């Protein structure tokens, strides 16, 4: 049986919740993030994006590009409540769900009672009717293509990529759309005249290993529609983490701090969903030249709160004294155990 995977991604989630709670903001450029000039944008509405504002942009720069924007602080507790309602809807479609963050998830529906398009429409209708929010849904036979599909018709879109559409559907896309290719990788390929996926597709396999090392085979397979990663049910995880390829390479401590703050909030939320705590904090980062580094610290006590996770992770980061620009940063917590009743009351 061919796999059927859905990727769901809430549209401009934080900003959309703010508009939902305050209808006077509808149609305005809403920018959610740090309130100080040293902060960065967490999320912004599509109206703000029209002015060139994007996530991880410094607030001072966002104000320069969109001085009439509505700048709001992050209300993570509110977003967490709405996220819980969204995931409750997803669980009506399948019990095989892999949360990626507070507003994004993979859903395995191969054995579901729903047909893929039917499931996508059901999710979208329930989210819009009950919460007043829009969600973009991608459908395919593997995770890479499902995620790519959800981004195809944003916002509020549905897209299915089938085997019959491969690999030609990818050919016109810029290579930056291939998951795993960051800014430096794209630049390397541009330097040899590779700008589109169809040009990347023609390269011999040995060049993928030359340019991307151990990730070369994965990139080679992905643009041919091959991705065998399973959808991981959350309670089977031995760790909970979040990582991202940076929009631009940087070693700016304030920008990296903001990523850790956001990761810590999301990880704390996922821990609370599973009623778990952990005591090993791991920072992962990758420098501009694809060299990976991990640093871990095992604590004497188990933690689950945003504050504890962030403080420990930021201490690890500052102790590294990173001088090179980074292209990726990640944070995870492991050595997990179920909470006692006392710990559960702390959330």
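Using N, Cα and C of the backbone, Cβ positions are placed for all residues, glycine too.
Over in TrEMBL, the protein carries these features:
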type: ACT_SITE; residues: 104; note: active site
type: BINDING; residues: 9, 103; note: Mg(2+) binding site
type: DOMAIN; residues: 5-182; note: domain 'UmuC'
type: SITE; residues: 14; note: site 'Substrate discrimination'
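Recorded features from TrEMBL, shown on the structure.
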residue	record	DSSP class
9	Mg(2+) binding site	strand
14	site 'Substrate discrimination'	helix
103	Mg(2+) binding site	coil
Between residue 103 (Mg(2+) binding site) and residue 14 (site 'Substrate discrimination'), find the distance joining the two CA atoms and give it rounded to the nearest Å.
9
Sort out for me which one of 9, 103, 104 has the most neighbouring CB atoms within 10 A, since those are the recorded positions we care about.
103
Rounded to the nearest Å - Cα separation of residue 14 (site 'Substrate discrimination') and residue 104 (active site):
12
Measuring Cα to Cα, tell me the gap between residue 104 (active site) and residue 9 (Mg(2+) binding site) in whole angstrom.
5
